[in-house]
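For reference, the structure discussed in these notes is given below.
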Amino acid sequence: MPIIQVKTKNHPYEILIQEGSFKDAGELISAKVSPCRVLIISDSNVAPLYAEDLKKSLKAFGFTPSIWHFDAGEQSKTINTLTRIYEACYESGLTRKDCIVALGGGVVGDVAGFAAATYQRGIPYIQIPTTLLAQVDSSVGGKTAIDLPFGKNMAGAFNQPAFVLIDPELLNTLNPKIISDGMAEVIKYGCIRDSALFEILETSAGIIPSAQVIARCVQIKADIVSADEFDFGERMLLNFGHTFGHAIEKASGYSLYTHGEAVSIGMSAAVKVGMAFGVTSPEILPRLTYLLQAWKLPVLTSLSTEAVLTALKADKKQLGDHLNFILLKDLGAAHIHPVPISDLRRAALDSLDQLVLGVPKKSFLPDNLIIHPGKIQGSVRIPASKSLAHRAFICAALTGKTHWELLVSGVYAPFSDDIKATLRCLHQITEAWAEKKKGHFVPELILDCSQSGTTLRLLIPIVAALGLEACFTGQGRLPKRPIHAYQEAFTANGVIMDFPENGDSLPLRIRGRLTAGKFELPGNISSQYISGLLLALPLLESDSTITLTSGLESESYVNMTLSVMSYFGVPVTRNTLNSGYHRYFVHPHSFTETSRPYAVEGDASQAAFWHLASYLGQEITIENPALSQLQGDASMQAVLNQFSSNHAEIDMKDIPDLFPALALAAAASGKDKRIYFKNVNRLRIKESDRIESTLAMLAGFGVENVRVLDNEIIINGVSSLKCGDISSFSDHRIAMTAAIAALKAEGDTIIRDSSCVAKSYPDFFSELKRLGAEIETLTEGGNT
Ligand SMILES: O=C(O)C1=C[C@@H](OP(=O)(O)O)[C@@H](O)[C@H](O)C1
Ligand SMILES: C=C(OP(=O)(O)O)C(=O)O
Ligand SMILES: [Zn+2]
C-alpha cells in the first residue's frame with residue numbers, strides 16, 4: 001500500500017493513497033485510532049454521497065459515529081460555522097479522547113481541522129479529502145483556518161492530522177471544473193520541484209491524474225512540510241503562483257475565480273516576473289501556458305493591474321519593505337526572490353498587463369554609441385520572426401477568442417516596437433469588434449502603428465472589412481511611406497479613405513464597410529497590400545478575387561501570409577494568369593483556433609546580421625535558425641556564398657530587407673570584387689530611403705566606389721573598412737549592419753541614433769556586448 005510519511009517533529013503521521021480505500025475507511029482508521037466517538041464533518045455536496053457509508057464502515061469497527069454538515073462553499077468558512085461545529089461536538093458528546101473526521105474538500109478540511117485544534121484545547125482529527133485540490137494540497141501539512149471579514153485564512157492554526165486517507169476513485173464523479181481547480185496545484189508541484197512530473201502532465205493533459213501522480217504531489221508536499229512545518233523557509237516554495245493568486249482572489253471579492261484559477265493566473269504572472277528579473281528562462285512560459293490552458297485554466301486576468309496591486313500590498317506575507325515572490329530558475333527548480341515593494345508596480349505591470357505577454361527586460365539601448373574594433377564569439381538565439389509574428393497575432397485575433405494572444409507561442413520579451421504596435425492595435429480592434437457584434441455604438445478608433453509598415457498595411461483592410469471607423473497614425477518615416485494603392489480599390493468597394501492634404505499617408509481616416517468583389521493591385525510597390533487584403537477578405541460575406549496588375553515582388557512575404565492563414569484554418573487558392581501575374585481567390589471563412597498555438601520561428605532577417613558577422617570572420621553560431629524556409633531572408637548565407645565569384649549578380653526583388661547587410665558584405669569582400677544588385681528601387685520606401693542610407697553608411701566606412709544606375713547598384717569592394725561617424729538614419733537595419741561592420745573597422749566607429757533597433761531587435765546591442773563587443777555610450781561631455 002503506498003504510504004507517505006510526514007515527519008514533523010511533534011506529530012509525525014501517515015498518508016495512505018489507494019484506489020478504493022474509502023470503502024475500508026473504518027478498518028484503516030481503526031489501525032490508527034482506538035474505538036471512540038467520531039464526528040464526521042462534511043458539506044452539503046459530499047455528505048449525501050459518502051457520509052452514511054463512512055458512518056457504517058466506522059460502526060463496523062467499533063466506533064460511535066455521528067454526522068454534521070454545513071452548506072458547501074467558501075462562504076461557509078466562517079466563525080459562525082466554527083461555532084456550530086463546537087455545538088455539534090458538544091451534542092455528540094466528544095471528549096479529548098474522541099475524534100473528528102473531515103470528509104470533503106478544502107473548506108471542510110480547513111474548518112474541521114481548526115475546530116479540532118481548538119475544541120477542548122485540541123482533539124485528534126483525520127482527513128478524508130474528496131476533491132483533487134484537497135487530496136494533493138490542503139489535506140496535507142496541517143494548515144487549518146477560517147476566513148474573517150477582513151481577510152481569507154485570517155484565524156487558524158498549524159494542526160497536523162492523525163491520519164490522511166486518500167482514495168483517488170472519489171475523483172471520478174467530480175465535475176471537470178473541480179478537477180481543473182486542483183490541477184493548478186498539481187501543475188505547481190511540477191513547476192517547483194519535479195520537471196519529470198511536468199512532462200508527464202504535458203503528455204496527459206485532460207486526463208484525471210492517476211494515483212501515482214497524486215502520490216508524487218503528496219510526497220513533494222510531505223517532504224517540504226517535514227523540512228519546514230511552520231513556513232519560515234522552504235515551505236514558502238508552495239506559494240508559487242499564490243502571491244498574485246491570493247491578490248487576484250481578494251481583488252475580485254473571492255467570487256470571480258476559484259482558488260485554482262487564481263493560482264493559474266498567478267503562476268503565469270510569476271513566470272513573467274521571473275523573466276523580467278532575468279531569473280526564469282523564456283521557454284517555460286509557452287509550456288506552462290499550454291498546460292494550464294489544456295485544463296481550461298485562465299492565464300490572464302480581466303482585473304485592473306491597480307486593483308491587484310492594492311490587494312498585493314495588503315498580502316499578509318508582506319515582510320517589511322519587500323515581498324517574497326517564488327520564482328522558477330527552471331522547471332522543477334523554484335527559489336524565494338524578495339522583491340522590494342518599490343518594484344511591485346513594475347512587476348505587476350510586466351506580468352499582468354494584457355497587452356504584454358512577455359516583459360520588457362532592460363535592453364542596452366543608448367542613442368549614440370562608440371564601437372571598438374574587435375572579436376566577438378558565441379551563440380545567439382534570434383528573436384521570433386517579426387513578419388510571422390504580425391501574421392500569427394492577426395489571425396489569432398480574428399478567431400474572436402478571448403486571450404487570443406495565447407494562440408501564438410515563441411514570441412518572447414523584449415518585444416519589438418513593431419510587434420507591440422500590432423498587439424496594441426489588435427486589442428483595440430478586437431474589443432471594438434466584440435462591442436459592434438453586440439449592436440453597441442463604437443466610436444472611431446485611433447490606431448497608432450508606431451513605425452511599422454506591416455502593422456499599417458495589414459490592418460487597414462481588416463478594419464475596413466470589420467466595418468470599423470478608424471484613424472491610423474504613425475511615427476518616424478511611416479507617414480511618408482506609401483499606402484495610396486489601397487485607395488482606388490477601396491473606394492470602389494464601400495470604404496472612404498481620407499488622406500491628409502499635404503500628400504502624406506498619415507493620419508489616415510477610414511469609414512464604411514468593405515464589400516466583397518474584384519480587387520486589383522500592383523504587385524511591385526509593397527507586398528504588404530496583398531497580405532493585408534488576403535487577411536481581410538475571408539471576413540466578408542461573399543467571394544472575392546485579388547488580381548495583380550504587375551509582377552509580384554517580396555513574394556515570400558505573401559506566401560508567409562497564406563501559410564499562417566492556412567494554420568488558422570483559412571484556405572486561399574491562386575492562379576497564374578496569361579499575363580504571368582497572380583490572381584488569388586478568397587472565400588468567406590472563419591479563422592479557427594487550433595489545438596496547439598502557432599509557434600513562431602526565429603527571424604531570418606535578424607539572423608542575417610549574425611551571418612554577416614561570420615562572413616567578416618567572427619565566430620557566431622545561431623541556435624534557432626529559421627526552419628521552414630518560408631522566410632525569403634533565410635537565403636542570406638546562400639547569397640553570401642555567391643560572393644565567392646568576383647562579379648556576383650544579386651536580385652533584391654524578394655529579399656529587400658537584406659540589402660544593408662549584403663551591401664556591406666559586398667564592400668568588405670576585398671578589392672577584386674564587384675557585386676551587382678538588381679531591383680533596388682523599392683528600397684527607397686522602407687524605414688529610410690535605404691539606397692541613400694546604405695550608401696552613406698558605406699561612405700562612412702570609406703567605401704566610395706559605388707555606382708547607382710536605374711534600379712541597379714554596383715558596389716566595388718575595398719581591402720579594409722575605415723572608421724567613421726555613421727548615421728543610422730533612424731533605420732534599424734542600417735544601425736545593426738554598421739555595428740557589425742564597426743568590429744572590423746580600422747578604429748573606433750560612432751553610430752548615431754542606434755536605439756532605433758528597438759523597432760525589430762531591442763536586445764541587439766545587449767547581445768553584441770554579451771558576445772564580447774566593446775561598446776560605449778557616447779555622451780556630449782565625454783564617454784561612459
Ligand atoms: O509583409 C512583411 O512582413 C514585410 C514585407 C516586406 O515589405 P514589402 O513587401 O513592402 O517589400 C519587408 O520589407 C518588410 O520588412 C516586412
Ligand atoms: C521594412 C521593414 O518593416 P515594415 O515595412 O513593417 O516597417 C523592416 O523591418 O525592414
Ligand atoms: Zn493553493
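The backbone N, Cα and C atoms fix where each Cβ goes, and this holds for glycine too.
Automatic prediction, not curation, is the source of TrEMBL annotations.
Residues LYS386, SER387, ARG391, SER526, SER527, GLN528, SER554, LYS686 are given by TrEMBL as 3-phosphoshikimate binders; from ASP651, ASP657, ASP725, that same site also lists ASP657. Take GLY106, VAL107, VAL108, GLY109, ASP110, THR130, THR131, LYS143, LYS152, the residues named in the record as contacts for NAD(+): the widest Cα to Cα gap among them comes to 22 Å. Closest to LYS686 (3-phosphoshikimate binding site) by Cα-Cα distance, out of the binding-site residues THR131, ARG481, LYS759, is ARG481. In this structure, LYS686 are the binding-site residues from GLY106, VAL108, HIS259, ARG391, LYS686 whose C-beta falls under 6 Å of some atom of ligand 2.
For the binding-site residues VAL108, GLY453, LYS759, a Cα-Cα cutoff of 10 angstroms around SER554 (3-phosphoshikimate binding site) retains nothing. HIS259 (Zn(2+) binding site) sits 10 Å from GLY106 (NAD(+) binding site), counting Cα to Cα.
Annotation for GLY453 (phosphoenolpyruvate binding site): same-chain Cβ neighbours under 8 Å, separated by at least 6 residues, are LEU478, ARG481, SER526, GLN528, LYS686, GLU687. Same-chain residues with CB within 8 A of the center of the GLU185, HIS242, HIS259 CB atoms, the Zn(2+) site residues themselves not counted, are LEU133, ASP137, ALA184, LYS188, GLY241, GLY245, GLY260, ALA262, VAL263, GLY266.
Its Cβ taken as reference, GLU185 (Zn(2+) binding site) is surrounded by 27 other Cβ atoms within 10 Å in the chains shown.
Listed recorded positions: HIS259, SER527, ASP657. Those with a CB atom under 6 Å from ligand 1: SER527, ASP657. Binding-site extent for 3-phosphoshikimate: residues LYS386, SER387, ARG391, SER526, SER527, GLN528, SER554, ASP657, LYS686, maximum pairwise Cα distance 19 Å (rounded to the nearest whole number).
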